[in-house]
Structures are given as C-alpha cells and as structure tokens.
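*Asks:* I have a structure I would like to understand better, so I am pasting it below and will then ask my questions one at a time.
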Amino acid sequence: MTDQQAEARSYLSEEMIAEFKAAFDMFDADGGGDISVKELGTVMRMLGQTPTKEELDAIIEEVDEDGSGTIDFEEFLVMMVRQMKEDAKGKSEEELAECFRIFDRNADGYIDAEELAEIFRASGEHVTDEEIESLMKDGDKNNDGRIDFDEFLKMMEGVQ
C-alpha cells in the first residue's frame, strides 16, 4: 500500500470504506479485484459524486498508473477521497461567497477597512484600528485599499 493509499484510508470511516467496497465489487464482475475505467463514472455517481467527463479523464489518468485500463480498490479509494475533498472545497467556497456578500455591506464587491471592523465588532471581538489596518494590508494583495473576493478567499485559506 502506497502512502497515498494509506492516507486515503485514514480519511474514511470503516463504514465508508465498506460502502465503497460494496459499490466497487458490484462492478468487479469477474472478481479479479479491479474495474474498468468505463465503469468508474457509474460507480462514483452511485456513491453520490458528480464527476464531469473531463474530471473522470483526469482522475483516470492519475489513478491508472500502469495504463492497464483498470483500477484496483486501493486506487479507487484514493480517487474517491480526492473527489470528496474537491466537492467539499467547492461547497466551502460557496459558503465563503455567502460570507463575503454579508460582509460587503454596501454591495460594491469589496470589503473596506470599515466593513472589516464591523465584522469583528459584530462578532464581539475587540480589535484596534492598527489591527484592522494590519489585516487590510495582509489581505489587500493589489494595494487598492480594499479586499475583493479573490483576496478574501486567499485570506480565509489560512483560517480553515
């Protein structure tokens, strides 16, 4: 088992591994321990994932190291964990977009120092003007005096 495969297993509960194994086995018709790449999309959709054709091609390219056209169960687990993390990242980005809209009180597409200070006051945090200034300076990568959504995402990466 590779480090990547061990890491994938550590990310999943025993229950999830069993669920993935049951789905995997349904498509392993000959019991040989692998499934064809063609069946991969069907299995992933059955497990609640929604990979696009392009994502599937990219996943298969990464997972099917020997180019055999088949994927064994350990490779399958690595792939499923990768897809789950990608889906979670998309969801958290949606949640962050919602936060950004709330923080951007005047809806101009930016968070300025005043709005940033308001966020902290509303959360009960006591921050000084110097701390706000420092946060703005750290977050405002293009130095326009305000934080746009991309800058906000970068700031929040450090928080999660």
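Glycine is no exception: its Cβ is also placed from the backbone N, Cα and C atoms.
What Swiss-Prot shows for this protein is this:
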type: MOD_RES; residues: T2; note: N-acetylthreonine
type: DOMAIN; residues: 15-50; note: domain 'EF-hand 1'
type: BINDING; residues: D28, D30, D34, E39; note: Ca(2+) 1 binding site
type: DOMAIN; residues: 51-86; note: domain 'EF-hand 2'
type: DOMAIN; residues: 91-126; note: domain 'EF-hand 3'
type: DOMAIN; residues: 127-160; note: domain 'EF-hand 4'
type: BINDING; residues: D140, N142, D144, R146, E151; note: Ca(2+) 4 binding site
*Asks:* Relative to the mean position of the Cβ atoms of D140, N142, D144, R146, E151, the recorded Ca(2+) 4 site, which additional same-chain residues have Cβ within 8 Å?
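*Replies:* The surrounding set, listed in chain order, is Y110, G139, K141, N143, G145, I147, D148.
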*Asks:* Given the binding-site residues D28, D30, D34, state which is nearest to R146 (Ca(2+) 4 binding site) when distance is taken between Cα atoms.
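*Replies:* Going through D28, D30, D34 one by one, the closest to R146 (Ca(2+) 4 binding site) is D34.
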*Asks:* Run through the domain 'EF-hand 2' (51-86) and tell me, per DSSP, how many residues are helix, strand and coil.
*Replies:* 25 helix, 3 strand, 8 coil
*Asks:* Give the sequence-ordered set of same-chain residues, not counting D28, D30, D34, E39, with Cβ within 8 Å of the centre of the Cβ atoms defining the Ca(2+) 1 site.
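*Replies:* For the Ca(2+) 1 site, the extra neighbours are F27, A29, G31, G32, G33, I35, S36, T70.
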*Asks:* For E39 (Ca(2+) 1 binding site) and T2 (N-acetylthreonine), determine the Cα separation and express it in whole Å.
*Replies:* 24
*Asks:* Show which residues of the chain containing the residue listed as 'N-acetylthreonine', separated from it by at least 6 in sequence, have their CB under 8 Å from its CB.
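*Replies:* Residues satisfying the criterion: E74.
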*Asks:* Report the mean pLDDT of the predicted model across the domain 'EF-hand 4' (127-160), rounded to a whole number.
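*Replies:* On average, pLDDT over the domain 'EF-hand 4' (127-160) sits at 87.
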*Asks:* Quick one: give me the count of other CB atoms within 10 A of the CB of D34 (Ca(2+) 1 binding site).
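*Replies:* Within a 10 Å radius of the Cβ of D34 (Ca(2+) 1 binding site) lie 19 other Cβ atoms.
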*Asks:* Minimum Cβ neighbour count within 10 Å among the binding-site residues E39, N142: which residue?
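*Replies:* Each of the binding-site residues E39, N142 was scored; lowest Cβ tally within 10 Å is N142.
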*Asks:* Counting each residue once, how many in the domain 'EF-hand 4' (127-160) are helix, strand and coil under DSSP?
*Replies:* 20 helix, 1 strand, 13 coil
*Asks:* Any same-chain residues 6+ apart from D140 (Ca(2+) 4 binding site) with CB under 8 Å of its CB? Would you list them in sequence order, or say none?
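*Replies:* The list for D140 (Ca(2+) 4 binding site) reads R146, I147, E151, given in order along the sequence.
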*Asks:* Please report how many Å separate the Cα atom of D34 (Ca(2+) 1 binding site) from that of N142 (Ca(2+) 4 binding site), as a whole number.
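*Replies:* Here the two Cα atoms lie 50 Å apart.
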*Asks:* State the count of C-beta atoms found within 10 angstroms of the C-beta of D144 (Ca(2+) 4 binding site), not counting that atom itself.
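*Replies:* So the number of other Cβ atoms within 10 Å of D144 (Ca(2+) 4 binding site) is 10.
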*Asks:* Tell me whether D34 (Ca(2+) 1 binding site) sits in a helix, a strand or coil according to DSSP.
*Replies:* strand
